[in-house]
Amino acid sequence: MDYYKTLGLSRSATKEEIKGAFRRSALKFHPDRHAQSSEEVRDGASLRFKQASEAYEVLIDDRKRADYDWRRGGSFDRWSSGQASSSSYYHGGRQYGYGGGGGGYGYHRPPPRDGGLGFDVESVFRFLTRRGFLVNIAFASAILGGAIFIERSAGGLWKFINSGKSFEEAMESIERAKVRKDNN
């Protein structure tokens, strides 16, 4: 649902224009005004009233409006209307920072796309699928696999060489071999 269309506004509407458009819409579609109408008309008016209320709730709040505009992919250019403050900046066609100036809306911060965890799932996915990251994971996997192979092979080799002997017996045979070597 396009909140601007719902209230009949342009994207550059001021708070006063938003309030006026909501009042007109509320008077036109309020459920009490259609109490004597047919059920179909009543339901339609009730739906339009709810949509106008939702649009007003989002557009009148600076942060909600900025988040809505950002999610809708709008690149509302506040520089052209002279409303941007010096603490605002543009990146990728969107304005971020505090947009001072009259009638406009303020803080512009892209919302987290993952339901509020504080990071962008898409960015994490892009990082995890980069070539460098994947090469590093492959290298680490090869090293870990090699270490596991060597450890298991060493254990198997030990058992093969010293089959039927306990550890103590094997150590004694090594000591005897050492002593024989030293005596020769």
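These residue numbers are counts, starting from 1, taken along the chain as shown.
Cβ from N, Cα, C; glycine included.
Taken from TrEMBL, the feature domain 'J' covers 2-72.
Packing against the transmembrane segment (133-150) from elsewhere in the chain are residues 127: each is 6 or more residues past its ends and has a CB under 8 Å from a CB in it. As annotated by TrEMBL, transmembrane segment applies to 133-150.
Per DSSP, the secondary structure of the domain 'J' (2-72) breaks down as 56 helix, 0 strand, 15 coil.
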